[in-house]
Amino acid sequence: MEASNQSTVTEFILLGLSAHPKLEKTFFVLILSMYLVILLGNGILILVTILDSHLRTPMYFFLGNLSFLDICYTTSSVPLVLDGFLTPRKTISFSGCAVQMFLSFAMGATECVLLGMMAFDRYVAICNPLRYSVIMSKAACVPMAISSWVAGGANSLVQISLAVQLPFCGDNVINHFICEILAVLKLACADISINVISMGVANVIFLGVPVLFIFVSYIFILTTILKIPSAKGRKKAFSTCSAHLTVVIIFYGTILFMYGKPKSKDPLGADKQDLTDKLISLFYGLLTPMLNPIIYSLRNKDVKAAVKDLVSQKCLTQ
């Protein structure tokens, strides 16, 4: 075995947009702007759900968790991406890479579970409104939210523990903006079958099961709404879950677009697609967190009213 293959990798080089330096400044400004919108929008949503007494309900409790989750998810990767655009040599230590993968993986899995729990909240509110306050009590909501965070963290711990135990003894160049786990696994100089199987099982649990649960929940929700005699009543009932449904469609629709499109067999086309895949992956991590507060603000009168009250109070104190 050659000497280069015997050395242990202590850091990784993130390729990012190194092959397209002219694009780096443009994307730096664009991504920084999106990140600031994410921090501002989700930060305001968290504030109004805490400060406004009218929003202290299970629906807004889960929404506050979702906003905090989106801030954590983007913060786990965006600063690294922005630093990479400004730094000629884009490196990250092995331990830093492991931490970044853990946080991103944990936040993604947690969001899948949380969206499923939010669907259950809407199901109970529309299909069983008389028992809503009993079923979705604080004693039930808090453990539900905690369990989603614990489940996401536990899954990430398993996946990253398996990944860091692999030997990395050759190429240390990650063809990505961040330490994306699939890109990292490609660099391992050992069999990754266990990692692939483990991630496959995790995808079924954290992607497949929540999607199925959300789908079944909305079948019951739509069936109940259609039974409401008045058009006004149907519109009011649907408006309470339209924001969540929109977020779910964007979240899972982007995932399906990312992983469901065919791969190019032409070498030149593959290079272009490789750049496209990296950019889609990057903006996927920004698009949903940026749109969530906008969607909930535009489609929810209570949130709009709470935001207006918060802004007016801020203006009065100045």
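Glycine too: its Cβ is placed from the backbone N, Cα and C atoms.
Fair warning: this is a prediction, and the values are worked out from it, not measured in the lab.
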TODO: Look up transmembrane segment in TrEMBL and report which of 132-152, 153-173 it refers to.
DONE: 132-152
Task: Of the residue ranges 102-120, 178-196, the one that TrEMBL records as transmembrane segment - done: 102-120
Open item on the list: Using a Cβ cut-off under 8 Å, which residues of the same chain at least 6 positions beyond either end of the transmembrane segment (132-152) come close to it?
Closed with: 58, 61-62, 65, 106-114, 117, 121, 124-125, 206
